[in-house]
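Visitor: The structure under discussion is supplied below as structure tokens; questions concerning it will follow.
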Amino acid sequence: MAEAATIAKLEEGFKKLEAATDCKSLLKKYLTKSVFDQLKGKKTSLGATLLDVIQSGVENLDSGVGVYAPDAEAYTLFAPLFDPIIEDYHKGFKQTDKHPNKDFGDVNQFVNVDPDGKFVISTRVRCGRSMEGYPFNPCLTEAQYKEMESKVSSTLSNLEGELKGTYFPLTGMTKDVQQKLIDDHFLFKEGDRFLQAANACRYWPTGRGIYHNDNKTFLVWCNEEDHLRIISMQMGGDLGQVYRRLVSAVNEIEKRVPFSHHDRLGFLTFCPTNLGTTVRASVHIKLPKLAANREKLEEVAGKYSLQVRGTRGEHTEAEGGVYDISNKRRMGLTEYQAVKEMQDGILELIKIEKEMQ
């Protein structure tokens, strides 16, 4: 049972949400009085409460979603809130649906989407993973952060071939190394206000670090927003090469580190928007003609479930007609299907851009 002080804070937060008439978050939409009353006293076995779930969305009324999972159990215990939010965000992943088993499919079905190198600047595929037996950020102790980091760094140091590289802990990082990682766009910063409010940045920078291979085409973030973010990327449009590298890395890491998986929701992550496959496949792409015809761009994006962002990711502008375009769907389909949908959409956008020239 949650403590009285926690429940008092929850009541206060609920009032704040109710009063915020211009708040458009999914939290506000689905945290009805009856759901609130049903959940406000509950506590996971690791001690997480509804407050841990909603505090970021209460503090930041401009959140799009507004909830995070403090641990794996939260997705089950607070399902009356999470399930409708998940269904709404992952369009059509109903509360009775079950995410399919992991399936990377035939990796040779993926191609270079821009062999002439005229449109795609770079290609990236990432996934998130949580380590079994550990809660998510808000519930982690300093000792757990250290323990996880040592497991991750020893696992990664065993990688061979193209994946062979170096692990750089954020703790005690020299200015030179730091600058080099910033120049390569590899370094992650302490979380934004949404993550800060969710208590995702405690004991910073303990337990956080970055691994990259010698070619700088493979990257792992340890204990940023998720326990692990596994990233494969390179300049140009060779999605096939990028995807194959990611798949072999995930398979190698999984042999040594068991991942948190949920029968219904797939791979578990801190933020419910990343659940399921957790896969985000994206390109930085120059589409000057389509940039001038935003309506057409959005129409094609909608047809292939693509998300169009500005050059520097979420909440940014497209600089010089360069967009960050990725698959939007992560749940209710396989990894293969998610990336294939993105490939089909990008090929279509390039075809239309050429026709408009």
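Glycine is no exception: its Cβ is also placed from the backbone N, Cα and C atoms.
Got these off Swiss-Prot a minute ago, pasting:
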- 9-91: domain 'Phosphagen kinase N-terminal' (DOMAIN)
- G64, V65, G66, V67, Y68, E225, C271, E314: L-arginine binding site (BINDING)
- 119-356: domain 'Phosphagen kinase C-terminal' (DOMAIN)
- 122-126, H185, R229, 280-284, 309-314: ATP binding site (BINDING)
- C201-C271: disulfide bond (DISULFID)
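I'm curious about the neighbourhood of these features; can you describe it?
Guide: Looking only at the domain 'Phosphagen kinase N-terminal' (9-91), the predicted model's pLDDT averages out at 97.
Note: G64 (L-arginine binding site) has non-local neighbours K24, S25, L26, i.e. same-chain residues 6+ apart with C-beta under 8 A of its own C-beta.
For the recorded site, R309 (ATP binding site), the DSSP three-state label reads strand.
Within the same chain, the residues at least 6 positions away from C271 (L-arginine binding site) whose Cβ sits under 8 Å from its Cβ are V65, Y68, A69, E225, listed in sequence order.
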Visitor: Far apart in sequence but close in space: which same-chain residues, 6 or more away, have a Cβ under 8 Å from C201 (disulfide bond)?
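Guide: Listed in sequence order, they are N137, E190, G191, L195.
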Visitor: Within 10 Å of the Cβ of Y68 (L-arginine binding site), how many other Cβ atoms can you find? Include all protein chains, please.
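Guide: So the Cβ neighbour count for Y68 (L-arginine binding site) comes to 27.
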Visitor: Given the binding-site residues V65, V125, which one has the fewest other C-beta atoms within 10 angstroms of its C-beta?
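Guide: Result for the binding-site residues V65, V125: minimum number of other Cβ atoms within 10 Å at V65.
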Visitor: Near S122 (ATP binding site), which residues of its chain come within a Cβ-Cβ distance under 8 Å, counting only those 6 or more away in sequence?
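Guide: Result: M233, Q234, M235, G236, V283, H284.
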Visitor: What is the separation, in Å, between the Cα atoms of R229 (ATP binding site) and V67 (L-arginine binding site)?
Guide: 20
Visitor: What is the Cβ neighbour count of R309 (ATP binding site) at a 10 Å cut-off, with all protein chains included?
Guide: 16
